[in-house]
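Q: So that we are looking at the same thing, I have put the structure below in structure tokens.
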Amino acid sequence: NSAHPCCDPVKCEPREGEHCISGPCCRNCKFLNAGTICKKAMLDGLNDYCTGISSDCPRNRYKGKEDD
């Protein structure tokens, strides 16, 4: 049972100096750069992009409500 390299095993949060543990916009314990595609476009033709400040992949703000 090996500990996750990004995770402080005592506090269960990113180690000091690291940004994140996992997520579509997290790689090697760091947030991916803003503008990195985290979800490729489907029928709507709009990709979703990382923000550079979160490990989540936010929905493209230009997608309409019907694109859910």
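Cβ atoms are placed via backbone N, Cα and C, with glycine included.
Grabbed the feature section from Swiss-Prot, which reads as follows:
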type     : residues    : note
DOMAIN   : 1-65        : domain 'Disintegrin'
DISULFID : Cys6-Cys29  : disulfide bond
DISULFID : Cys20-Cys26 : disulfide bond
DISULFID : Cys25-Cys50 : disulfide bond
DISULFID : Cys38-Cys57 : disulfide bond
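Would you situate these features in the structure and describe their surroundings?
A: DSSP gives Cys6 (disulfide bond) a coil state; it is part of no helix or strand.
There are 21 other Cβ atoms within 10 Å of the Cβ belonging to Cys26 (disulfide bond).
The C-beta environment of Cys50 (disulfide bond), restricted to residues of the same chain at least 6 apart in sequence and closer than 8 Å, consists of Pro24, Cys25, Phe31, Leu32, Asn33, Ala34, Gly35, Thr36, Ile37, Cys38, Cys57.
Cβ contacts within 10 Å of Cys38 (disulfide bond), excluding its own Cβ and spanning all protein chains shown: 18.
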Q: Can you see whether DSSP assigns Cys38 (disulfide bond) to helix, strand or coil?
A: strand
Q: What whole-number Å value do you get for the CA-CA distance of Cys26 (disulfide bond) and Cys6 (disulfide bond)?
A: 10
Q: For the C-alpha pair, I'd like the distance in angstrom between Cys20 (disulfide bond) and Cys6 (disulfide bond), rounded off.
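A: That comes out at 7 Å between the alpha carbons.
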Q: Using DSSP, what's the helix, strand and coil tally for the domain 'Disintegrin' (1-65)?
A: 1 helix, 13 strand, 51 coil
Q: Find, for the listed disulfide-bonded residues Cys25, Cys29, the residue with the lowest Cβ contact count at a 10 Å cut-off, counting only other Cβ atoms.
A: Cys29
